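Feature list (source: Swiss-Prot):
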{"type": "DISULFID", "residues": "CYS62-CYS76", "note": "disulfide bond"}
{"type": "DISULFID", "residues": "CYS66-CYS78", "note": "disulfide bond"}
{"type": "DISULFID", "residues": "CYS72-CYS83", "note": "disulfide bond"}
{"type": "MOD_RES", "residues": "ASN87", "note": "asparagine amide"}
{"type": "SIGNAL", "residues": "1-27", "note": "signal peptide"}
Amino acid sequence: MHLSLARSAVLMLLLLFALGNFVVVQSGLITRDVDNGQLTDNRRNLQTEWNPLSLFMSRRSCNNSCQSHSDCASHCICTFRGCGAVNG
């Protein structure tokens, strides 16, 4: 039983990686408005935050410092260490 479950999990992971494209969405900040108590969404349009990922390593560098994903090249994302390749 456990072996079958493990095989299923491995198969699912292989299928995910075989697709080759994943989506990273930068989560934004949702706050409560002080005046009327309603929730406000301070995120930009999420469509602009999608970055396709690939299984293949990028040979381009991502050495910039950053505050947001828009500060990095298209193949990079902003991390706590600066711009980094989306696939590692």
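Heads up, the Cβ atoms here are built off N, Cα and C, so glycines get one too.
Sequence features annotated in Swiss-Prot and their locations in the structure.
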| residue | record | DSSP (3 states) |
| --- | --- | --- |
| CYS62 | disulfide bond | coil |
| CYS72 | disulfide bond | coil |
| CYS78 | disulfide bond | strand |
| CYS83 | disulfide bond | strand |
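Counting in whole angstrom, CYS83 (disulfide bond) lies 6 from CYS76 (disulfide bond) by their C-alpha atoms.
Each residue contributes its Cα atom, and for CYS72 (disulfide bond) and CYS62 (disulfide bond) those atoms are 7 Å apart. Cβ neighbours within 10 Å of CYS83 (disulfide bond), excluding its own Cβ and spanning all shown chains: 19. Cα spacing between CYS62 (disulfide bond) and CYS78 (disulfide bond): 9 Å, rounded to the nearest whole number.
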